[in-house]
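Here is the structure we will look at.
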Amino acid sequence: MTTPEYGSLRSDDDHWDIVSNVGYTALLVAGWRALHTTGPKPLVQDEYAKHFITASADPYLEGLLANPRTSEDGTAFPRLYGVQTRFFDDFFNCADEAGIRQAVIVAAGLDCRAYRLDWQPGTTVFEIDVPKVLEFKARVLSERGAVPKAHRVAVPADLRTDWPTPLTAAGFDPQRPSAWSVEGLLPYLTGDAQYALFARIDELCAPGSRVALGALGSRLDHEQLAALETAHPGVNMSGDVNFSALTYDDKTDPVEWLVEHGWAVDPVRSTLELQVGYGLTPPDVDVKIDSFMRSQYITAVRA
């Protein structure tokens with residue numbers, strides 16, 4: 001296993017809640033979604049995201065929501081995560097319209113698609129994540145009286161363990177087509193863990209199943225991000241989070257793996273290409289961010 005140059009905050013048996021370690025990244029992304037929702041020309045609406053920030057009482061994120069930035073630099077990460085959210089929203093909407101009635105959100109974090117999207121009747125949305133994250137989300141949404149638009153099933157499990165067993169025990173049927181999202185997760189897994197994740201998903205997918213994978217940063221470089229934040233001061237919206245210390249630099253190529261295992265892979269797109277597809281012109285700061293973070297958004301169908 002290769003660890004980041006700047007030292008890792010990770011260990012093989014580390015654990016987290018919503019305000020620590022990898023769990024905090026889910027809270028941070030929820031903050032960016034909340035900012036995008038209320039910002040200029042939002043691509044998605046996530047009215048629940050702000051409630052997670054309030055419930056967390058995180059002073060940094062509460063400060064961002066209280067005084068949102070409006071410049072192109074200041075809205076960069078909310079904009080880019082809005083693009084990412086729209087990509088996965090569109091993926092599930094297309095799968096749902098095609099008749100797939102099982103959706104699996106891997107490392108669901110504070111994702112609220114079970115509540116936001118207009119699912120067809122009979123659809124079940126399975127959310128896999130560690131217990132403390134799922135418990136926090138359920139508590140906040142319950143306090144807000146949120147009602148899912150599909151049959152939502154929480155699956156408390158660590159992806160480094162035998163998560164397929166609790167998933168199938170929760171009602172997932174591997175004999176029926178399913179749609180899977182792996183959003184923003186891969187940089188936080190070792191190459192071996194990525195390979196194991198792909199293999200387990202593959203084993204659970206009937207013909208016609210679909211998968212979407214993607215992250216804004218398939219490669220995270222601490223020095224380049226710091227240099228960008230110096231040149232574009234408004235970009236620094238991650239507080240003191242050092243993503244390089246939470247991620248791994250050994251990878252399994254997802255496209256290569258999927259093709260070798262019989263999946264039909266659509267053309268890979270970057271966040272910049274997605275923006276153009278959504279009718280936007282990527283600002284210079286977005287181009288610079290993607291030049292070193294190297295976003296990848298992938299969809300594929302099981303033959």
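Glycine is no exception: its Cβ is also placed from the backbone N, Cα and C atoms.
As recorded in Swiss-Prot, the features of this protein are as follows:
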| type | residues | note |
| --- | --- | --- |
| BINDING | D129, D158, L159 | S-adenosyl-L-methionine binding site |
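Excluding D129, D158, L159, which define the S-adenosyl-L-methionine site, the same chain contributes A107, I128, V130, A157, R160, T161, W163 within 8 Å (Cβ to the Cβ centroid), listed in sequence order.
Of the listed binding-site residues, namely D129, D158, the sparsest CB environment within 10 A is found at D158. There are 18 other CB atoms within 10 A of the CB of L159 (S-adenosyl-L-methionine binding site), with all protein chains counted. Secondary structure at D129 (S-adenosyl-L-methionine binding site), as computed by DSSP, is strand.
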